[in-house]
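**Q** What follows is a single structure, and I will ask about it in a moment.
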Amino acid sequence: MVYVNYERSYDSFDGSEDVYRVYMDYKQGDTFVPGDAQTYNLTGPTIKNKFPEVLEQVRLYKFDEVVFTYNNKIFKEKDGALADPSYFDIFKYPLLKGDLNSVLQEPNTIVLTQNLATKLFRDENPIGKDIVAFSAGNEVLLRVTGIMNNVPKTTHMKTNFLISYATIHTWDTFGNYYREPNWNQNHFFTYFKVDKNTNIDALKSKIIAWDFQGNFRERHNIESLEDIHLYSNKPYEAEVNGSAVRVKFLTAIAIVILVLAWLNYINLSTTKSLERTKEVGIRKVAGAQRAQLGIQSVIESMILNFGAILLAICISIFVLSIYNKATGSELALTVETIKQLSPVIAIVILAILLVSLYPAWVLSSYSPSKALKGKIRASANGLHIRKGLIITQFLATIVLVMSTIVITKQINHLQNQPLGTSLNNIIAFSGELLTKKDAVLEKKYEVMKNEIMKLPYVTHVVTSNTFPGDGFGNLSSSVGITYPDGTQDDHNVNYSYEVNNPEYFEMMDMKFVAGSTFLPNHKEKNQQVVINEKMAQMIGISNPKEGVGKKIKFWNEEWNITGIVKNYHHFGLKASVIPIIIRYSKVDNYMLVKFDTTITSASGYTQAITQIENVWKQTFPESTFDYTFVDKQFDAQYDDDRQFNKVFRAFTILAICIAALGLFGLTSYTCVQRKKEIGIRKVNGASIFKILKLLNIDFIKWIGIAFVIAIPIAWYAMNSWLENFAVKTTISWWIFVLAGIVTLVITLLTVSWKSFVAASGNPVNVLRDE
């Protein structure tokens, strides 16, 4: 529940319930579908002026990376943004130093978080100090005007620094197409705040109906700030968001585990009460009232349950520390967390009281005369209740076992599914020049590429502004395209990126179904594109060979199709294959280096990468060298699913243990109740096997009932979970069979051990008093 509370606490601060984000819907066919999370630079100001319900708006332009220099020291930082002066009116993060009303008013000003200020300036007072910022090959001098509190990790918009929006007019990184108010550049996150009494549904309808610039192929829409982390998964998100489905599943599991434990407690308590029948009889003969016995039992139960809670808290603190180190999270069982979970805690306490009442009622209901003679027998209703509890326990356990198998199967399916491209043995590192570009530096850059190509084990060196697994950050989206036959379709969405080397496709092992890679000496060199099969289908090319050489038009420019590649997954297998256009252009966001297959050890990769870094440092000594393995970065998108699988598996094992304990308790109870029957049967010649069969057959029937009920529940739950994936595994029949066999084996092992002890006993010890 701490994790669930952590996920639900994203973007929660004073007034956050009145903050909304604007996003784009795109028209596909006759309907609109959710589009980009980013909007135009005119969106925010226009919405504020057009709709009186909107009190304030803020635009954020998020940087992928900015390099700061101060006192000849270089610091590479992510998670920063250009921001309007109204930022602190909407996001209520405390400003520790500086004037709240003016820190982001002037151009070339910056606000740092406390951590970043300490990193850059150590013990100096940062206010008024100048630092140099580099991005996209251009530099700007910024003055520190404010220090803000560290932004919590529980926000979808991580910000270590804020640069005033007015800097867009003085920094050469941004061209006129960014600076001038327009409806062309949709690279801005837009948020606004409304009055608490605003009718949001009515405002949303008006924003959706707003016809901006006569644009019929896209529209604006809004969503609550507090819902973004769990319910938004759009292109160009600020980060990879969480999953409401995962949170709901974990919540359900936590509830199931608690219910299983309480059912277990009821079963074991009523079984244990048989050992206290004489005590109850003596107390009643001595004058104890039924209410007194019941209250005593409830108090004992409460003490036991609260003791378990204290132990669980201690274990949770230990487990959370391990989890945080492994995942980089900040989960903690603090006083504030306990306050936030107070409704859940209240429900748990009430449930503890309720589950304590049934054993108390059973214990206090024993007749003193029967209790003293040891002739207490379970009622038919009590036995049915215990059977129902066992069936319920194993129903939940079987569902969890089935679900665990499906989740594991799906993750393995994703990891082993062909991507349509090969990412092995490729590293990517930032290729951006850290000073203003000129011919001399660009020549140095080319020399560096050539020097890296000469290194042993290097087979390809390519520059690109993105690569598979890099996300939407450096992709361009286009709404509307003119087909080769001249048809104009303003409804469709396509994505494009740039590469600067014809060998890119060979490096990535992308297969051409028609045509070939870029032609460096082509007369329209910079107007060449390679598209994938999905894009070809979208623009009406049914025969790939006939599509080569044809022209398409978007962004008011014509592009020549030189080749069509097989579909490949740019974003992983959670998303469907998207229509892709790969443009030939001069870019240097990333340098991609591929090694040959002779490198097989970690030390071999380390040596090769060190040689590349040496070349990099010789060329650009003022720059930092950071790299990532492309295949590992692509695979990292499944980390949350793997973590979810581990948690789910742990809960499943816990549920099995709880159910086995309950089964053991009921077996003990059954053996005590039927000990004379077992003795008589043994005297009459029954073998141990027959007695085991007698005692076990009912449990097998109950497991069978639970199994039949569990199948549709597990099937529905897992189908719902699999809806999150474009490429999904099948829920095969053997999954249900395997789950049933596992549960049956655990049941037989648990029941047979206790049954064997009862069946092996001497019948004389049982029947001597008869």
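Glycine is treated like the rest: Cβ placed from N, Cα and C.
Please treat TrEMBL annotations as automatic predictions, because they have not gone through curation.
Here TrEMBL flags 7-208, 443-582 as domain 'MacB-like periplasmic core'. For 252-366, 650-756, the entry in TrEMBL reads domain 'ABC3 transporter permease C-terminal'. If you look up TrEMBL, you'll see 249-268, 302-323, 343-367, 388-407, 650-672, 699-718, 730-751 marked as transmembrane segment.
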**Q** Is it possible to list how many residues within the domain 'ABC3 transporter permease C-terminal' (650-756) are helical, extended or coil according to DSSP?
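**A** In the domain 'ABC3 transporter permease C-terminal' (650-756), the DSSP-based counts are 92 helix, 0 strand, 15 coil.
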**Q** Ranking 302-323, 388-407, 650-672, 699-718, 730-751 by Cβ pairs under 8 Å to the transmembrane segment (249-268), which is first?
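**A** Per the Cβ under 8 Å count, 650-672.
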**Q** Six or more residues beyond either end and a Cβ under 8 Å away: which residues meet both conditions relative to the transmembrane segment (650-672)?
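**A** Residues 253-254, 256-257, 260-261, 263-264, 267-268, 270-271, 274, 378, 386, 389-390, 393-394, 396-397, 400-401, 403-404, 678, 695, 698-699, 746-747, 750-751, 754-755, 757-758.
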**Q** DSSP on the domain 'MacB-like periplasmic core' (443-582): how many residues come out helix, how many strand, how many coil?
**A** 28 helix, 51 strand, 61 coil
**Q** Other than its close neighbours in sequence, what residues sit by the transmembrane segment (730-751), given a CB gap under 8 Å and a spacing of at least six beyond its ends?
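**A** Residues packing against the transmembrane segment (730-751) from afar: 394, 397-398, 401-402, 405-406, 409, 656, 659-660, 663-664, 667, 695-696, 699-700, 703, 706-707, 710-711, 714-715, 718-719, 722.
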**Q** Grab the same-chain neighbours of the transmembrane segment (388-407) for me: Cβ-Cβ under 8 Å, and only residues 6 or more beyond its ends, written as numbers and ranges.
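**A** Long-range Cβ neighbours of the transmembrane segment (388-407): 253, 256, 259-260, 263-264, 266-267, 641, 644-645, 648-649, 651-652, 655-656, 658-659, 662-663, 666, 699, 702-703, 705-707, 709-711, 713-714, 717-718, 721-722, 729, 731, 735-736, 738-740, 742-743, 747.
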